[in-house]
Amino acid sequence: MNIITDPQELQQQCLAWRRQGLRTGLVPTMGYLHDGHMALMRHARTLCDRLVTSIFLNPAQFGPGEDLDKYPHDPEGDRAKAEACGTDLLFMPKPSAMYAPDHATWIDVPDLGRHLCGARRPGHFRGVCTVVNKLFMLAQPEVAVFGRKDWQQLAILQRMVRDLNIPVTMVGHDIVREDDGLALSSRNAYLTPTERAAAPAIRQGLVKLAEMLHKGERDPEVAKRFLRDEFAATLPMGKIDYIELVDPDDITPVGAVTGPVLAAVAVGMGKARLIDNILIEV
């Protein structure tokens, strides 16, 4: 595995692979890799000839008071995990290499960011879109793999790719979970033992909400009240950021459940902000 920190060197290597007729895959991450990231890398490995994994804690997607300076990191462990999953090139740039002091160009997909995390974290998806587009320009991948835990992020990036005619196939990977159902996240490291023991209730509540819809409930307000009450009983230490039922494609709240719907939640647990979702086919 080759480790590169210079964007131009990454670009030159990936262009050389392209000239050789090799298919490049990309898995962008912020580091502190876990089994979820490893599943993305392993899947991407089956779709390409050369795999690029990026580890970049992107300051542009963090807002004031968020955890940029506290985000967990383990560079040595990350390198070992990336190599074990078949990464050919590990890209680990510094912020100064990705953003010039006078950087002034941003990419935004505002319509899909009006709700869920986009409403709570102003500028977050602008930072995500900008850095992912930069990675696409540098790595020139034929395929890129993202996790569906960040469903809104994937939807926004898919729209960016479509609207800008970026020649990359976007692949969504199912949420990877602990045995007790908790969605894997680097931020799970913030949880205390008590919080960690309670956190699987997020997934359990979403499953119960799905069962309610499958049994015929069609009013999203009734469903949201049910889940809010469920969390009040099972997650007394949790602070609900949002509970929403949205269209899975355009991420707008539904007035009635008439087809596939995404139930998405964000819950504060101590120092952690946990997100999860479930796609419900009715």
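Don't overthink the numbers, they just go from 1 along the chain as shown.
For all residues, glycine too, the Cβ spot is worked out from N, Cα and C.
Lifted from TrEMBL, the feature list:
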BINDING   30-37, 147-150, Val176, 184-187  ATP binding site
ACT_SITE  His37  active site, proton donor
BINDING   Gln61  beta-alanine binding site
BINDING   Gln61, Gln153  (R)-pantoate binding site
DSSP-derived class (H/G/I helix, E/B strand, else coil) of Arg148 (ATP binding site): helix
Between Leu33 (ATP binding site) and Gln61 (beta-alanine binding site), the C-alpha gap once rounded to whole angstrom: 18
Residue among recorded positions Met30, Gly36, His37, Gln61, Ser186 with Cα closest to the Cα of Gln153 ((R)-pantoate binding site): Gln61
Chain-internal residues, separated by at least six, CB under 8 A from Gln61 (beta-alanine binding site): Gly123, His124, Phe125, Arg126, Gly127, Val128, Val131
Most Cβ neighbours inside 10 Å, all chains, among the recorded positions His37, Arg148: His37
DSSP three-state assignment (helix, strand or coil) for Gly36 (ATP binding site): helix
In the chain carrying Gly36 (ATP binding site), residues 6 or more apart in sequence that have Cβ under 8 angstroms from it: Gly147, Lys149, Ile175, Val176, Ala183, Leu184, Ser185
Ser186 (ATP binding site), number of other Cβ atoms within 10 Å: 19
Among Met30, Leu33, the one of these binding-site residues whose Cβ has the fewest neighbouring Cβ atoms within 10 Å: Met30
